[in-house]
Amino acid sequence: MEKKRNISMAVIRRLPKYYRYLAELMDNDVDRISSKELSEKIGFTASQIRQDLNNFGDFGQQGYGYNVKDLYNEIRSILGLDENYNIAIIGAGNIGQAIANYTNFDKMGFNLKGIFDVNPKLLGLKIRDVEIRDIDQLESFLQEEKIHIGVICVTKSNAQDVCNTLIKNGVKGIWNFAPIDLNGADNVVIENVHLSESLLTLTYLLNGFN
């Protein structure tokens, strides 16, 4: 399926939730589901779900709903998960180690190829058989390995330099957990993840119930 280029970011950010929920339905041997049933489970309106999916094709049938497996596979393809992606993690602190240890990424086709840090106490240790290397080796590693996604888990002051090194050596996707929005080239996709934003959303909602 050819992806459309004018899809709003709001729609794109809803797709992983559809994908995750459809996977749960498949695990529970559910064969089909209506947009109304999806709405009740996911929290989006049925109309919103239909509009989102119609951006990519006509997947549902009147009176039948959606075939769960077919829709799951379509969204998997839309999300680019028919491909495998090599990733490198820069920063082996708590966040970096948590990401490295998350085995579900393997199941989705994300292959951990390298982990880098500056802390001499961490160098040489292994996380799931991947050795933590000195960050001074990052550039030569990137020149030898085809890395699709760099995961940045370093300090705010070092994040942009790491990002620049990744981009200079051909990495096209940056998943950034440093508390700063990074700048990149036009042909590079950067996803800045600020963990505090989710927490502050929670405190806002909690405050509304007090």
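Any Cβ shown, glycine's included, is placed from N, Cα and C.
A quick note: this is a predicted structure, and the numbers were derived from the prediction, not measured.
Swiss-Prot lists 17-56 with the feature DNA-binding region, giving sequence analysis as the kind of evidence. Residues or ranges marked as NAD(+) binding site by Swiss-Prot on the basis of sequence analysis: G91, A92, G93, N94, I95, G96.
Swiss-Prot feature annotations superimposed on the structure.
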residue: G91; record: NAD(+) binding site; CB count, 10 Å: 25
residue: A92; record: NAD(+) binding site; CB count, 10 Å: 24
residue: G93; record: NAD(+) binding site; CB count, 10 Å: 14
residue: N94; record: NAD(+) binding site; CB count, 10 Å: 9
residue: I95; record: NAD(+) binding site; CB count, 10 Å: 18
residue: G96; record: NAD(+) binding site; CB count, 10 Å: 23
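In the three-state DSSP classification, G93 (NAD(+) binding site) falls within coil. Same-chain residues that are not part of G91, A92, G93, N94, I95, G96 yet have a Cβ within 8 Å of the Cβ center of the NAD(+) site turn out to be I89, Q97, A98, I99, D117, C153, V154. Confidence annotation: the DNA-binding region (17-56) carries a mean pLDDT of 92 in the model.
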